[in-house]
Amino acid sequence: MDTEYRVLYISDFDNSVCAEIWHVFGPWMNEIESICVIPDYINRTSAGYAFVNFYNHEAAKDAFSKVPHLFLGSSMSRVFPYNGKDLKKPPPIDPTNGNGVFIKNLDTKVTIAHLYDVFKEFGDIVNCKIATDEFGAPRNFAYVTYSSPDEAAEAIKKMDGRAVGKRKILTYMHLPKSKRGVKLFIKNGLTDGCVSEEDLKNEFSKYSSFEDLVYPIDNLGKSRGFAFVILSDIDDANRAIEEVKEIHGVPVHVSIATKPNADPHRLEQANLFVRNLGDNVTQQDLIDEFGAFGTIVSTKIMLDDAGKSRHFGFVRFQDPNQARDAQLALDGKKMWGNVLAITPAQKQKARYPYKSGQQYYRHMMPSMHAQDRMYNDRSFYPVDFYYKYSPQVSYTQQMGEMLMPAVLKHSLVNGDVKIANVVTGILLQKDPNQITQWLYDPHALDHVIAKAYMTYQTQIK
(Lines of atoms letter the chains of each structure in order from A and count residues from 1; the text may use other names and numbers.)
(Lines give C-alpha, C1' and ligand atoms only; values in the text may rest on other atoms or scores of the structure.)
Protein backbone atom coordinates (compact mmCIF):
# COMPACT_ATOMS: atom_id res chain seq x y z
CA MET A 1 0.00 0.00 0.00
CA ASP A 2 1.56 3.28 -1.13
CA THR A 3 -0.76 5.49 0.92
CA GLU A 4 0.50 6.25 4.40
CA TYR A 5 -1.42 4.61 7.22
CA ARG A 6 -1.16 4.47 10.98
CA VAL A 7 -3.90 1.94 11.68
CA LEU A 8 -3.91 -1.84 11.23
CA TYR A 9 -7.20 -3.62 10.74
CA ILE A 10 -7.45 -7.15 12.21
CA SER A 11 -10.27 -9.41 11.09
CA ASP A 12 -11.63 -12.95 11.43
CA PHE A 13 -10.75 -13.74 15.04
CA ASP A 14 -12.91 -15.61 17.56
CA ASN A 15 -15.52 -13.53 19.35
CA SER A 16 -13.95 -14.49 22.69
CA VAL A 17 -10.64 -12.82 21.79
CA CYS A 18 -9.88 -9.43 23.33
CA ALA A 19 -6.85 -8.93 25.59
CA GLU A 20 -4.77 -11.36 23.52
CA ILE A 21 -4.34 -8.66 20.87
CA TRP A 22 -2.42 -6.50 23.33
CA HIS A 23 0.03 -9.36 23.94
CA VAL A 24 0.66 -9.83 20.21
CA PHE A 25 1.53 -6.16 19.73
CA GLY A 26 3.51 -5.92 22.97
CA PRO A 27 6.82 -5.06 21.20
CA TRP A 28 5.19 -1.86 19.88
CA MET A 29 3.44 -0.93 23.13
CA ASN A 30 5.09 2.50 23.33
CA GLU A 31 4.10 3.21 19.73
CA ILE A 32 0.41 2.31 20.10
CA GLU A 33 -2.21 4.95 20.84
CA SER A 34 -5.05 2.47 21.36
CA ILE A 35 -6.40 -0.92 20.39
CA CYS A 36 -10.10 -0.91 19.55
CA VAL A 37 -11.96 -4.22 19.67
CA ILE A 38 -15.29 -3.67 17.92
CA PRO A 39 -18.27 -5.22 19.74
CA ASP A 40 -21.27 -7.09 18.45
CA TYR A 41 -23.97 -5.06 20.18
CA ILE A 42 -26.68 -7.67 19.65
CA ASN A 43 -24.85 -10.74 20.97
CA ARG A 44 -22.63 -8.79 23.42
CA THR A 45 -19.40 -10.36 22.21
CA SER A 46 -16.58 -9.20 20.01
CA ALA A 47 -17.60 -8.72 16.38
CA GLY A 48 -14.40 -10.50 15.33
CA TYR A 49 -12.39 -7.49 14.16
CA ALA A 50 -10.35 -4.67 15.67
CA PHE A 51 -8.24 -1.60 14.92
CA VAL A 52 -4.71 -1.05 16.23
CA ASN A 53 -3.98 2.69 16.21
CA PHE A 54 -0.31 3.71 16.09
CA TYR A 55 1.12 7.18 16.68
CA ASN A 56 2.89 7.21 13.31
CA HIS A 57 3.09 5.44 9.97
CA GLU A 58 6.58 4.02 10.53
CA ALA A 59 5.52 2.04 13.60
CA ALA A 60 2.40 0.72 11.86
CA LYS A 61 4.43 -0.32 8.82
CA ASP A 62 7.00 -2.10 10.99
CA ALA A 63 4.30 -4.01 12.87
CA PHE A 64 2.54 -5.00 9.65
CA SER A 65 5.77 -6.33 8.13
CA LYS A 66 6.38 -8.54 11.18
CA VAL A 67 2.79 -9.54 11.98
CA PRO A 68 1.02 -10.14 8.63
CA HIS A 69 -1.39 -12.49 10.38
CA LEU A 70 -2.22 -13.56 13.93
CA PHE A 71 -3.17 -16.83 15.58
CA LEU A 72 -5.89 -15.95 18.07
CA GLY A 73 -8.02 -18.73 19.53
CA SER A 74 -8.91 -21.32 16.92
CA SER A 75 -8.61 -19.05 13.87
CA MET A 76 -5.98 -17.36 11.77
CA SER A 77 -6.65 -13.62 11.74
CA ARG A 78 -5.78 -11.41 8.78
CA VAL A 79 -4.09 -8.03 9.17
CA PHE A 80 -4.55 -5.14 6.72
CA PRO A 81 -3.24 -1.57 6.60
CA TYR A 82 -6.14 0.84 7.04
CA ASN A 83 -5.85 4.39 5.70
CA GLY A 84 -8.97 5.81 7.37
CA LYS A 85 -11.14 5.99 4.27
CA ASP A 86 -13.21 2.83 4.59
CA LEU A 87 -14.60 0.98 7.60
CA LYS A 88 -15.94 -1.98 5.62
CA LYS A 89 -14.61 -5.47 6.15
CA PRO A 90 -12.58 -7.03 3.35
CA PRO A 91 -14.57 -9.32 1.03
CA PRO A 92 -15.42 -12.65 2.67
CA ILE A 93 -13.40 -15.65 1.57
CA ASP A 94 -15.45 -18.45 0.04
CA PRO A 95 -13.52 -21.71 0.59
CA THR A 96 -15.98 -23.69 -1.55
CA ASN A 97 -14.68 -22.30 -4.86
CA GLY A 98 -12.04 -25.03 -5.12
CA ASN A 99 -9.42 -23.33 -2.95
CA GLY A 100 -10.50 -24.81 0.39
CA VAL A 101 -9.24 -27.93 2.16
CA PHE A 102 -11.38 -29.82 4.66
CA ILE A 103 -9.34 -31.76 7.24
CA LYS A 104 -10.77 -34.70 9.23
CA ASN A 105 -9.41 -36.82 12.09
CA LEU A 106 -7.33 -33.96 13.46
CA ASP A 107 -5.62 -34.37 16.82
CA THR A 108 -7.43 -32.03 19.24
CA LYS A 109 -4.08 -30.93 20.69
CA VAL A 110 -2.94 -29.46 17.37
CA THR A 111 -2.96 -25.65 17.58
CA ILE A 112 -3.93 -23.25 14.82
CA ALA A 113 -0.29 -22.11 14.53
CA HIS A 114 0.87 -25.72 14.15
CA LEU A 115 -1.75 -26.39 11.49
CA TYR A 116 -0.66 -23.29 9.58
CA ASP A 117 3.01 -24.30 9.70
CA VAL A 118 2.19 -27.76 8.33
CA PHE A 119 0.11 -26.53 5.39
CA LYS A 120 1.96 -23.33 4.42
CA GLU A 121 4.49 -25.20 2.26
CA PHE A 122 1.83 -25.75 -0.41
CA GLY A 123 0.99 -22.11 -1.06
CA ASP A 124 -0.41 -18.84 0.24
CA ILE A 125 -2.87 -19.52 3.07
CA VAL A 126 -5.54 -16.84 3.34
CA ASN A 127 -7.61 -18.48 6.06
CA CYS A 128 -7.16 -21.27 8.57
CA LYS A 129 -9.59 -22.42 11.25
CA ILE A 130 -10.00 -25.32 13.67
CA ALA A 131 -13.63 -26.16 14.41
CA THR A 132 -14.74 -25.83 18.04
CA ASP A 133 -17.76 -26.96 20.02
CA GLU A 134 -20.20 -24.69 21.88
CA PHE A 135 -17.74 -24.43 24.80
CA GLY A 136 -14.78 -23.45 22.63
CA ALA A 137 -13.03 -26.83 22.84
CA PRO A 138 -11.36 -27.98 19.58
CA ARG A 139 -13.08 -30.63 17.51
CA ASN A 140 -11.49 -33.19 15.17
CA PHE A 141 -11.70 -31.22 11.94
CA ALA A 142 -10.42 -28.00 10.44
CA TYR A 143 -10.37 -25.85 7.31
CA VAL A 144 -7.50 -24.33 5.34
CA THR A 145 -8.14 -21.92 2.47
CA TYR A 146 -5.50 -21.10 -0.16
CA SER A 147 -5.34 -18.25 -2.63
CA SER A 148 -5.71 -20.64 -5.58
CA PRO A 149 -7.36 -24.02 -6.32
CA ASP A 150 -4.04 -25.47 -7.53
CA GLU A 151 -2.47 -24.90 -4.11
CA ALA A 152 -5.44 -26.53 -2.39
CA ALA A 153 -5.29 -29.54 -4.72
CA GLU A 154 -1.58 -29.98 -4.00
CA ALA A 155 -2.19 -29.85 -0.25
CA ILE A 156 -5.00 -32.42 -0.49
CA LYS A 157 -2.79 -34.74 -2.53
CA LYS A 158 0.32 -34.48 -0.34
CA MET A 159 -1.28 -34.31 3.13
CA ASP A 160 -3.93 -37.04 2.91
CA GLY A 161 -2.94 -39.81 5.32
CA ARG A 162 -0.01 -37.90 6.84
CA ALA A 163 0.41 -37.64 10.60
CA VAL A 164 -0.23 -34.27 12.20
CA GLY A 165 0.20 -34.52 15.94
CA LYS A 166 -0.67 -38.06 16.99
CA ARG A 167 -3.21 -38.76 14.24
CA LYS A 168 -3.15 -39.35 10.51
CA ILE A 169 -5.38 -36.75 8.93
CA LEU A 170 -7.76 -37.11 5.99
CA THR A 171 -7.97 -34.25 3.50
CA TYR A 172 -10.79 -33.39 1.10
CA MET A 173 -11.87 -30.51 -1.07
CA HIS A 174 -14.09 -28.16 0.95
CA LEU A 175 -17.52 -28.36 -0.66
CA PRO A 176 -20.70 -26.43 0.13
CA LYS A 177 -23.21 -28.44 2.12
CA SER A 178 -25.47 -28.72 -0.89
CA LYS A 179 -22.78 -30.80 -2.67
CA ARG A 180 -21.54 -32.94 0.20
CA GLY A 181 -23.77 -35.90 -0.55
CA VAL A 182 -26.24 -37.78 1.59
CA LYS A 183 -25.33 -39.30 4.95
CA LEU A 184 -27.02 -42.62 5.74
CA PHE A 185 -27.43 -44.01 9.24
CA ILE A 186 -27.06 -47.79 9.70
CA LYS A 187 -28.12 -49.59 12.87
CA ASN A 188 -29.10 -53.11 14.05
CA GLY A 189 -26.80 -56.06 13.44
CA LEU A 190 -23.59 -54.10 14.08
CA THR A 191 -23.08 -55.25 17.67
CA ASP A 192 -20.93 -58.26 18.59
CA GLY A 193 -19.13 -58.07 15.25
CA CYS A 194 -22.06 -59.48 13.29
CA VAL A 195 -21.54 -56.86 10.57
CA SER A 196 -17.98 -55.54 10.36
CA GLU A 197 -16.62 -52.33 8.89
CA GLU A 198 -15.33 -54.31 5.92
CA ASP A 199 -18.78 -55.86 5.41
CA LEU A 200 -20.38 -52.41 5.26
CA LYS A 201 -17.74 -51.11 2.88
CA ASN A 202 -18.21 -54.04 0.52
CA GLU A 203 -21.98 -53.66 0.58
CA PHE A 204 -22.19 -49.91 -0.03
CA SER A 205 -19.25 -49.63 -2.44
CA LYS A 206 -21.55 -51.32 -4.97
CA TYR A 207 -23.08 -47.87 -5.41
CA SER A 208 -20.97 -45.72 -7.74
CA SER A 209 -21.41 -42.59 -5.60
CA PHE A 210 -20.00 -44.22 -2.44
CA GLU A 211 -17.63 -41.74 -0.78
CA ASP A 212 -16.99 -42.52 2.85
CA LEU A 213 -17.78 -44.83 5.77
CA VAL A 214 -17.67 -43.99 9.48
CA TYR A 215 -17.70 -47.00 11.82
CA PRO A 216 -17.53 -45.75 15.45
CA ILE A 217 -15.91 -48.04 18.01
CA ASP A 218 -15.73 -47.91 21.82
CA ASN A 219 -12.67 -47.98 24.09
CA LEU A 220 -12.48 -51.77 23.74
CA GLY A 221 -12.37 -51.60 19.97
CA LYS A 222 -15.90 -52.92 19.55
CA SER A 223 -18.63 -51.44 17.37
CA ARG A 224 -20.87 -48.90 19.08
CA GLY A 225 -23.82 -50.43 17.24
CA PHE A 226 -24.20 -47.93 14.42
CA ALA A 227 -22.37 -46.50 11.41
CA PHE A 228 -22.61 -43.79 8.76
CA VAL A 229 -22.21 -44.05 4.99
CA ILE A 230 -21.93 -41.06 2.66
CA LEU A 231 -23.17 -41.30 -0.94
CA SER A 232 -22.81 -38.32 -3.25
CA ASP A 233 -25.95 -39.11 -5.25
CA ILE A 234 -29.43 -38.84 -3.73
CA ASP A 235 -30.80 -41.53 -6.08
CA ASP A 236 -28.14 -43.98 -4.89
CA ALA A 237 -29.03 -43.12 -1.31
CA ASN A 238 -32.72 -43.81 -1.91
CA ARG A 239 -31.90 -47.11 -3.61
CA ALA A 240 -29.65 -48.14 -0.71
CA ILE A 241 -32.45 -47.45 1.76
CA GLU A 242 -34.80 -49.66 -0.27
CA GLU A 243 -32.34 -52.43 -1.14
CA VAL A 244 -30.08 -52.92 1.87
CA LYS A 245 -32.25 -54.78 4.34
CA GLU A 246 -29.67 -57.35 5.46
CA ILE A 247 -25.94 -58.04 5.18
CA HIS A 248 -24.77 -61.69 5.21
CA GLY A 249 -28.21 -62.67 6.48
CA VAL A 250 -28.10 -60.19 9.37
CA PRO A 251 -30.99 -57.65 9.32
CA VAL A 252 -29.91 -54.00 9.27
CA HIS A 253 -31.81 -50.72 9.19
CA VAL A 254 -30.73 -47.96 6.77
CA SER A 255 -32.15 -44.42 6.86
CA ILE A 256 -31.22 -40.80 6.18
CA ALA A 257 -29.08 -39.55 9.07
CA THR A 258 -30.70 -36.79 11.09
CA LYS A 259 -29.37 -34.80 13.99
CA PRO A 260 -30.98 -35.16 17.43
CA ASN A 261 -33.42 -32.45 18.48
CA ALA A 262 -31.56 -29.31 19.46
CA ASP A 263 -32.40 -27.11 22.41
CA PRO A 264 -34.57 -24.00 21.75
CA HIS A 265 -31.59 -21.64 21.81
CA ARG A 266 -29.82 -23.70 19.15
CA LEU A 267 -32.96 -23.72 17.01
CA GLU A 268 -33.07 -19.93 17.19
CA GLN A 269 -29.60 -19.89 15.63
CA ALA A 270 -31.03 -21.45 12.48
CA ASN A 271 -32.89 -18.19 11.75
CA LEU A 272 -30.97 -15.39 10.00
CA PHE A 273 -31.76 -11.68 10.01
CA VAL A 274 -30.87 -10.25 6.57
CA ARG A 275 -30.53 -6.47 6.22
CA ASN A 276 -29.91 -4.04 3.37
CA LEU A 277 -32.02 -5.86 0.79
CA GLY A 278 -32.72 -4.14 -2.51
CA ASP A 279 -36.16 -2.72 -3.34
CA ASN A 280 -37.07 -5.51 -5.75
CA VAL A 281 -35.72 -8.53 -3.88
CA THR A 282 -38.35 -11.27 -3.53
CA GLN A 283 -38.69 -14.22 -1.20
CA GLN A 284 -37.88 -16.48 -4.13
CA ASP A 285 -34.59 -14.58 -4.57
CA LEU A 286 -33.74 -15.40 -0.95
CA ILE A 287 -34.59 -19.07 -1.51
CA ASP A 288 -32.46 -19.22 -4.67
CA GLU A 289 -29.36 -17.69 -3.04
CA PHE A 290 -29.55 -19.10 0.49
CA GLY A 291 -30.79 -22.50 -0.64
CA ALA A 292 -27.27 -23.45 -1.72
CA PHE A 293 -26.31 -23.78 1.95
CA GLY A 294 -29.02 -26.16 3.10
CA THR A 295 -32.72 -26.79 3.53
CA ILE A 296 -34.73 -23.59 3.96
CA VAL A 297 -37.80 -23.85 6.19
CA SER A 298 -39.17 -20.37 5.52
CA THR A 299 -38.33 -16.89 4.22
CA LYS A 300 -39.94 -13.54 4.97
CA ILE A 301 -39.35 -10.04 3.60
CA MET A 302 -40.85 -7.34 5.81
CA LEU A 303 -43.16 -4.83 4.10
CA ASP A 304 -44.43 -1.40 5.13
CA ASP A 305 -48.08 -0.28 5.12
CA ALA A 306 -47.84 0.52 1.41
CA GLY A 307 -46.65 -3.00 0.60
CA LYS A 308 -43.09 -1.88 -0.17
CA SER A 309 -40.00 -3.64 1.13
CA ARG A 310 -38.54 -2.41 4.42
CA HIS A 311 -35.19 -3.74 3.12
CA PHE A 312 -34.81 -6.52 5.66
CA GLY A 313 -36.09 -10.03 6.13
CA PHE A 314 -35.55 -13.47 7.63
CA VAL A 315 -34.31 -16.82 6.35
CA ARG A 316 -34.84 -19.89 8.54
CA PHE A 317 -32.81 -23.03 7.88
CA GLN A 318 -33.51 -26.54 9.02
CA ASP A 319 -30.17 -26.70 10.80
CA PRO A 320 -28.13 -24.01 12.64
CA ASN A 321 -24.92 -25.16 10.94
CA GLN A 322 -26.46 -24.42 7.56
CA ALA A 323 -27.42 -20.94 8.78
CA ARG A 324 -23.89 -20.34 10.03
CA ASP A 325 -22.39 -21.38 6.69
CA ALA A 326 -24.74 -19.03 4.85
CA GLN A 327 -23.87 -16.16 7.17
CA LEU A 328 -20.12 -16.71 6.79
CA ALA A 329 -20.34 -16.85 3.01
CA LEU A 330 -22.87 -14.07 2.32
CA ASP A 331 -22.41 -11.49 5.11
CA GLY A 332 -20.73 -8.46 3.53
CA LYS A 333 -21.29 -9.75 0.00
CA LYS A 334 -22.80 -7.44 -2.63
CA MET A 335 -26.05 -8.89 -3.93
CA TRP A 336 -28.99 -7.32 -5.74
CA GLY A 337 -27.09 -4.03 -5.81
CA ASN A 338 -26.48 -3.79 -2.05
CA VAL A 339 -23.98 -5.16 0.46
CA LEU A 340 -25.84 -7.59 2.72
CA ALA A 341 -25.57 -7.54 6.51
CA ILE A 342 -26.48 -10.92 8.02
CA THR A 343 -26.73 -11.81 11.72
CA PRO A 344 -28.49 -14.53 13.72
CA ALA A 345 -32.08 -13.43 14.29
CA GLN A 346 -33.26 -12.82 17.82
CA LYS A 347 -36.76 -13.02 19.23
CA GLN A 348 -38.39 -9.66 19.88
CA LYS A 349 -38.25 -10.28 23.61
CA ALA A 350 -34.49 -10.76 23.37
CA ARG A 351 -34.00 -7.72 21.15
CA TYR A 352 -36.02 -5.36 23.35
CA PRO A 353 -35.70 -6.57 26.94
CA TYR A 354 -36.66 -3.19 28.37
CA LYS A 355 -39.65 -2.38 30.55
CA SER A 356 -40.92 1.16 30.83
CA GLY A 357 -41.11 0.85 34.62
CA GLN A 358 -37.38 0.26 35.01
CA GLN A 359 -35.29 2.98 36.55
CA TYR A 360 -33.30 5.15 34.16
CA TYR A 361 -29.63 5.87 34.83
CA ARG A 362 -27.86 8.73 33.13
CA HIS A 363 -24.61 6.86 32.54
CA MET A 364 -22.97 6.81 29.17
CA MET A 365 -21.75 3.66 27.48
CA PRO A 366 -18.05 3.00 28.18
CA SER A 367 -17.14 4.55 24.85
CA MET A 368 -19.16 7.70 25.64
CA HIS A 369 -16.96 8.90 28.48
CA ALA A 370 -14.40 10.29 26.06
CA GLN A 371 -17.15 12.15 24.24
CA ASP A 372 -15.97 15.70 24.95
CA ARG A 373 -12.51 14.84 23.69
CA MET A 374 -14.02 13.41 20.52
CA TYR A 375 -15.66 16.72 19.69
CA ASN A 376 -12.23 18.31 19.35
CA ASP A 377 -10.62 15.40 17.52
CA ARG A 378 -11.62 15.45 13.85
CA SER A 379 -9.41 12.50 12.82
CA PHE A 380 -11.23 9.54 11.28
CA TYR A 381 -9.48 6.88 13.31
CA PRO A 382 -11.60 5.18 15.98
CA VAL A 383 -9.81 6.01 19.24
CA ASP A 384 -10.59 4.47 22.66
CA PHE A 385 -13.50 2.49 21.25
CA TYR A 386 -13.31 -0.45 23.61
CA TYR A 387 -16.21 -2.38 25.05
CA LYS A 388 -16.12 -4.32 28.31
CA TYR A 389 -18.28 -7.39 28.07
CA SER A 390 -20.32 -8.21 31.15
CA PRO A 391 -23.50 -10.17 31.76
CA GLN A 392 -24.62 -7.40 34.10
CA VAL A 393 -25.44 -4.62 31.66
CA SER A 394 -27.11 -1.43 32.84
CA TYR A 395 -30.46 -0.41 31.42
CA THR A 396 -29.00 2.63 29.65
CA GLN A 397 -26.18 0.57 28.20
CA GLN A 398 -28.73 -1.89 26.85
CA MET A 399 -30.52 1.03 25.19
CA GLY A 400 -27.23 2.16 23.69
CA GLU A 401 -26.54 -1.30 22.34
CA MET A 402 -29.87 -1.30 20.53
CA LEU A 403 -29.49 2.23 19.17
CA MET A 404 -25.90 1.89 17.96
CA PRO A 405 -26.47 -0.36 14.89
CA ALA A 406 -29.21 1.94 13.58
CA VAL A 407 -27.05 5.01 14.16
CA LEU A 408 -24.08 3.47 12.33
CA LYS A 409 -26.31 2.58 9.38
CA HIS A 410 -27.84 6.08 9.09
CA SER A 411 -26.85 7.91 5.91
CA LEU A 412 -25.59 10.99 7.80
CA VAL A 413 -23.33 8.93 10.08
CA ASN A 414 -22.22 6.69 7.21
CA GLY A 415 -20.49 4.07 9.36
CA ASP A 416 -18.25 6.51 11.24
CA VAL A 417 -17.78 4.83 14.63
CA LYS A 418 -16.71 7.97 16.49
CA ILE A 419 -19.64 10.03 15.25
CA ALA A 420 -21.99 7.14 16.00
CA ASN A 421 -20.76 7.04 19.60
CA VAL A 422 -21.47 10.73 20.09
CA VAL A 423 -24.87 10.65 18.38
CA THR A 424 -25.89 7.61 20.45
CA GLY A 425 -24.82 9.46 23.59
CA ILE A 426 -27.04 12.40 22.66
CA LEU A 427 -30.01 10.09 22.12
CA LEU A 428 -29.44 8.37 25.47
CA GLN A 429 -30.09 11.67 27.24
CA LYS A 430 -33.75 11.46 26.16
CA ASP A 431 -36.59 9.90 28.15
CA PRO A 432 -36.23 6.08 28.22
CA ASN A 433 -39.89 5.50 27.37
CA GLN A 434 -39.42 7.63 24.28
CA ILE A 435 -36.28 5.71 23.30
CA THR A 436 -38.19 2.43 23.56
CA GLN A 437 -40.87 3.79 21.22
CA TRP A 438 -38.20 4.82 18.68
CA LEU A 439 -36.78 1.30 18.69
CA TYR A 440 -40.14 0.00 17.52
CA ASP A 441 -40.64 2.73 14.89
CA PRO A 442 -37.89 2.81 12.21
CA HIS A 443 -39.19 6.03 10.64
CA ALA A 444 -39.23 7.90 13.95
CA LEU A 445 -35.80 6.53 14.83
CA ASP A 446 -34.38 7.70 11.51
CA HIS A 447 -35.74 11.19 12.18
CA VAL A 448 -34.34 11.52 15.74
CA ILE A 449 -30.94 10.22 14.64
CA ALA A 450 -30.83 12.98 12.03
CA LYS A 451 -31.73 15.58 14.71
CA ALA A 452 -29.05 14.22 17.06
CA TYR A 453 -26.51 14.38 14.24
CA MET A 454 -27.38 18.06 13.67
CA THR A 455 -26.85 18.67 17.38
CA TYR A 456 -23.46 17.00 17.13
CA GLN A 457 -22.53 19.20 14.14
CA THR A 458 -23.50 22.31 16.11
CA GLN A 459 -21.39 21.29 19.11
CA ILE A 460 -18.18 20.67 17.15
CA LYS A 461 -18.26 24.05 15.38
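One-based numbering along the chain as shown.
Even glycines carry a Cβ here, placed using N, Cα and C.
Since we're looking at a predicted model, the values are computed, not measured.
TrEMBL annotations:
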| type | residues | note |
| --- | --- | --- |
| DOMAIN | 6-108 | domain 'RRM' |
| DOMAIN | 99-169 | domain 'RRM' |
| DOMAIN | 182-259 | domain 'RRM' |
| DOMAIN | 270-347 | domain 'RRM' |
| DOMAIN | 379-461 | domain 'PABC' |
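Looking only at the domain 'RRM' (99-169), the predicted model's pLDDT averages out at 87. Across the domain 'RRM' (99-169), DSSP classifies residues as 22 helix, 26 strand, 23 coil.
Counted with DSSP, the domain 'RRM' (182-259) comes out as 21 helix, 27 strand, 30 coil. For the domain 'RRM' (270-347), residue counts in helix, strand and coil come to 22 helix, 30 strand, 26 coil, using DSSP.
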